[in-house]
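Enquirer: So Swiss-Prot lists the following for this protein:
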- C47, H69, E70, C163: Zn(2+) 1 binding site (BINDING)
- T49, T167, 188-193, 211-216, T251, G275, 298-300: NADP(+) binding site (BINDING)
- C100, C103, C106, C114: Zn(2+) 2 binding site (BINDING)
Amino acid sequence: MGIMEAERKTTGWAARDPSGILSPYTYTLRETGPEDVNIRIICCGICHTDLHQTKNDLGMSNYPMVPGHEVVGEVVEVGSDVSKFTVGDIVGVGCLVGCCGGCSPCERDLEQYCPKKIWSYNDVYINGQPTQGGFAKATVVHQKFVVKIPEGMAVEQAAPLLCAGVTVYSPLSHFGLKQPGLRGGILGLGGVGHMGVKIAKAMGHHVTVISSSNKKREEALQDLGADDYVIGSDQAKMSELADSLDYVIDTVPVHHALEPYLSLLKLDGKLILMGVINNPLQFLTPLLMLGRKVITGSFIGSMKETEEMLEFCKEKGLSSIIEVVKMDYVNTAFERLEKNDVRYRFVVDVEGSNLDA
């Protein structure tokens, strides 16, 4: 069932140009269709991708752009054919709001690999209307791309799980790396990396954090529970780790050499790339051939994996380490994020902010 035209206007904070500066922006929500869920947004995490998109770092940004793809809110209306949700449910929306439904990935419930997937923002619906993200009062999303937040999970803690959490959970699940006793490495300790440590530890893995400096050692070992911490340039320590890891999750989003991390892998070990890097990466093929090692990639996660991940995090008592901010601080938060000055994820308190300011 639809909603009144007067109620279809909402306000978000949008970037207007590649400066990336956000300010209030009023726009029209799409009508609530038969399978749509209308959501009053409570909070939204800030991902590094939001920074790239608002500044047009990837060369494909469209403005005005309301970012945000780690959205948690309350259902205020459901379409006539919605069966999964009722008014009052606390729900989440991640990176996607649409897919074709008929391709091979969609048929396998891997909609994140659909060639016609629709992003939560900086994209268009099939009718040509722009998609807008979670830095706003409300959003309307097809029920397929909405998940229930487990009862008892704090909304601000749930938000980063919808991107950072599922991004590391998905490859561990898909590549058969969930069983206890494995030895893994997490390269890079940002928003995704810190959840990688937590999730891998909760699966019973021995986890080594690999970083470029010592500044996060204490946090990694004491706050996140990592078993070891290695500086990538420490040749002696890296040599000690050679041929010892079942996998390395590489979250680094800038160009870097792969050989040092390939050398850490056991026979059949996997180097799983997650950082978006536009420059070609190089490696020596014998490093792969002589250990039957694998370089692979993984991209966010499916809706089924997102649901599994949320239940896993609830069961294990996992949460993100976050800093909650108001919307009027968001531009400063973006500046700090660009300098990696956050431990480990900003979450915008949308409900408690004046978006019209």
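Numbers run from 1 along the shown chain.
Cβ atoms are placed via backbone N, Cα and C, with glycine included.
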Enquirer: From the Cα of K215 (NADP(+) binding site) across to the Cα of C103 (Zn(2+) 2 binding site), what is the distance in angstrom?
Expert: 45
Enquirer: Would you find the one among the binding-site residues H69, K215 whose Cβ has the most company, meaning other Cβ atoms within 10 Å?
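Expert: Its Cβ has the most other Cβ atoms within 10 Å: H69.
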Enquirer: Give me the CA-CA distance between K215 (NADP(+) binding site) and C114 (Zn(2+) 2 binding site), in Å, as a whole number.
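Expert: Each residue's Cα considered, K215 (NADP(+) binding site) and C114 (Zn(2+) 2 binding site) end up 39 Å apart.
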Enquirer: To the nearest whole angstrom, what is the C-alpha distance linking L189 (NADP(+) binding site) and C47 (Zn(2+) 1 binding site)?
Expert: 14
Enquirer: C-alpha of C106 (Zn(2+) 2 binding site) to C-alpha of C163 (Zn(2+) 1 binding site): distance in Å?
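Expert: One finds 19 Å between the Cα atoms of these residues.
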Enquirer: What's the CA-CA gap between S212 (NADP(+) binding site) and C163 (Zn(2+) 1 binding site) in angstrom, rounded?
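Expert: Given the Cα positions, S212 (NADP(+) binding site) is 24 Å from C163 (Zn(2+) 1 binding site).
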Enquirer: In sequence order, which same-chain residues at least six apart have a C-beta under 8 angstroms from C47 (Zn(2+) 1 binding site)?
Expert: H69, E70, C163, A164, G191, R345
